[in-house]
Ligand SMILES: *Cc1c(COP(=O)(O)O)cnc(C)c1O
């Protein structure tokens, strides 16, 4: 039975972001989950050390979330949001607006983070058109940014490894550099931040008249390797966008819903975006719902008689799905009743202490953390910060070793990603960090 399933998986499937030759060598099929662990078809259990790719909040099979979906199923599973709405999509919109930054007063649903970003880009583009500023058609994006894998989202991204193949398909955007403290020569966080803001300002001085919006991840560049922005940077970007009349699109897909110890990471810097994309944790990791938030000013620019053709011409079949919206409502209710934000804020310090365990390892260059979003950069030499040769695939081999030891996570190059479910207890965090330590130690001492 298990053997047959594995054969079928190799014969019929094609997995995302996966070299299938790697999969065929080390297949893995998950059958169930409970709390912070998932179980494969052989009965082996693993800690979900990456929250099933940055999604999970309360653990798997959370009773209240399961119940919410079952109850909704007694009513209806799905009806469309094109030209009409449904009960949970409407209730959820109010909840989302109540917890989001004040200036954001409208929510537009979709099914994935990439779509939420596409929508933000198209809204920004059309906003200027609708108000008669047709010269504003370009974007500024951040180096090493990641906003998802659809063509528009990739165009404002810049992870070389993902993006060089598709270059000819993309629209161009101006790329602004982003501070990367570990590899910067700057003497202080403030200096590093200021230098980068100056470069951004130069781009704005030259091009602001043709720029519709700037896109940026909120506080942490996740896929770039958990690169945490220095204090003052995000709010500095906000100030520049305002000064040069450029809309600010903040990507909270990874950082939103408590991941960094605030409901949204832009709260760390009291930033009010013009557009904000969210997804991932919105349903507690249960169902695909995403949301683009925007201001009343932007909404108003689309509100007119049909004949003016100011309508936002965008939508997806499953937008506003009732099961997804219902579980999102219940997820957010649990954020309140179980004090998830406070819990993450409280456990962040414990987790920081636990992670210092890794500092003593020969090949750990830097441990980065904002709340429950952590990255461990592995290097060949701590002194020179020299990276391992890419072809050694050190991060990949560490993740395979962790799997053997009972924890799942996916690296970004040689940065080990650690994003436990937000409700993880101290003992669980400790067990996960120990597995990470053992795997890093074993694999890196073998490499050279
Ligand atoms: C995951 C992610 C996305 C894309 O979300 P999907 O749901 O995978 O399409 C976009 N932006 C950031 C910052 C992400 O981490």
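Every residue gets a Cβ built from N, Cα and C, even glycine.
Database features (TrEMBL):
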- 113, 114, 251, 316, 317: pyridoxal 5'-phosphate binding site (BINDING)
- 146, 280, 315, 410: substrate binding site (BINDING)
- 280: N6-(pyridoxal phosphate)lysine (MOD_RES)
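What TrEMBL annotates, mapped onto the structure for a quick look.
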residue : record                              : DSSP (3 states)
113     : pyridoxal 5'-phosphate binding site : helix
146     : substrate binding site              : coil
251     : pyridoxal 5'-phosphate binding site : strand
280     : substrate binding site              : helix
315     : substrate binding site              : coil
410     : substrate binding site              : coil
Original post:
Those binding-site residues, 113, 114, 251, 410: which ones have a Cβ sitting under 6 Å from ligand 1?
Top reply: 113, 114, 251
Original post:
What is the maximum Cα to Cα distance, in Å and rounded to a whole number, among the residues 113, 114, 251, 316, 317 annotated as binding pyridoxal 5'-phosphate?
Top reply: 23
Subject >> Of the binding-site residues listed as 146, 280, 410, the one whose CA lies nearest the CA of residue 113 (pyridoxal 5'-phosphate binding site) >> reply: 280
**OP:** Measuring C-alpha to C-alpha, could you say which of the binding-site residues 251, 316, 317 are within 10 Å of residue 146 (substrate binding site)?
**Re:** 251
Original post:
Rounded to a whole number, how many Å is the Cα of residue 317 (pyridoxal 5'-phosphate binding site) away from the Cα of residue 410 (substrate binding site)?
Top reply: 30
Original post:
Compared by Cα position, which of the binding-site residues 280, 315, 410 is the closest one to residue 251 (pyridoxal 5'-phosphate binding site)?
Top reply: 280
Subject >> residue 316 (pyridoxal 5'-phosphate binding site) CB neighbourhood, other CB atoms within 10 A >> reply: 17
Original post:
Where among the binding-site residues 113, 280, 315, 317, 410 do you find the Cβ with the fewest other Cβ atoms within 10 Å?
Top reply: 317
Subject >> Those residues of the chain, 6+ apart, with a Cβ under 8 Å from that of residue 114 (pyridoxal 5'-phosphate binding site) >> reply: 147, 148, 149, 150, 153
Original post:
Cα distance, residue 316 (pyridoxal 5'-phosphate binding site) to residue 280 (substrate binding site), nearest Å?
Top reply: 18
Subject >> Maximum Cα-Cα separation in Å among residues 146, 280, 315, 410, which the record lists as binding substrate >> reply: 31
Original post:
So for residue 146 (substrate binding site), how many other CB atoms are inside 10 Å of its CB?
Top reply: 26
